[in-house]
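According to TrEMBL, the features are:
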type     : residues : note
TRANSMEM : 29-51    : transmembrane segment
TRANSMEM : 149-171  : transmembrane segment
TRANSMEM : 205-222  : transmembrane segment
TRANSMEM : 228-248  : transmembrane segment
Amino acid sequence: MNIFKQFIKSLYSPKEMANFYQQGIGKTILYIFFLVLVTSIPFFISIGIAINQLHSAAETVVKSDLPEFVIENGEFTADVDEPLIMDQDGLVLMLDPNSEFSLSEIEDFGDVIALQRYEVITIIDGTTEIFDLGQTDGFTISKSDLESLLDTVGSFIPLIIFLFAAIMYILFSLGKFIQVTLLGLVGLILKGSLNKPFIKYRHTWILSAYAVTIPTVLFALLESIGIYIPYTTIISFTAAFFILYLIVKELKEDVKEEQEEDITQW
């Protein structure tokens, strides 16, 4: 049975999953990678959309909303007669080249990034950071420089998304292998409780890879529509253990002509 068919069977049939317990470790490893890939697709799509939207929003702000400005010799100047204040989805961007606002007044805006004549003030979640522009002495940046930077970043967005997705895929896969490994160890208690003396750790590890399918798919779907459940890891592990119980229960006791396959068999 190919991996795709195994995936479909693992969504509804513990009895079918029980038939996989003597397959090679290699095929099981491929199945885990396949499962992670399939369930990560909605996340990768949403991240790609978010990165593109963030870049588009930044371009709109810089090219359309910001006045001409320059940071040179540790000093910020802008072509405005009074402080310019813009609210971008709850984050306030303030251009105050004459430093008309005091720190306490800036704090009243909540989450804010304020560029003043000689410093940049950021306040995020109540934490205030002040950066002295004097540290940029000899460094110059203007609106046109920022526009050029955004254009350059825009040309690399597909690569950025790919690299980010690749890194996250590796991390997700690592997490899934850890989950399967732990579930396989815990699953050994079923050997005695269900009177399955022929079961070894290799078998519980293989079956655990299929037992995690339903909770993995379910939580991936919930997160893709914006529903986040607390204690996801605990709930997912518990659900997978219950499914593993149902799978092991389906194993036939007369299947004792166990073939000692090499652990690296594909």
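One-based numbering along the chain as shown.
Keep in mind that glycine also has a Cβ here, set from the backbone N, Cα and C atoms.
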Long-range neighbours of the transmembrane segment (228-248), counting only residues six or more past its ends (CB under 8 A): 14, 17-18, 21, 179, 182-183, 186-187, 190, 194, 196, 199, 204, 207-208, 210-212, 214-216, 218-219, 222
Within-chain partners of the transmembrane segment (205-222) [C-beta distance under 8 Å, separation at least 6 from its ends]: 6-7, 10-11, 17-18, 20-21, 23, 25, 28, 31-32, 35-36, 38-40, 42-43, 176, 179-181, 183-184, 187, 228-229, 232, 235-237, 239-241, 243-244, 247-248
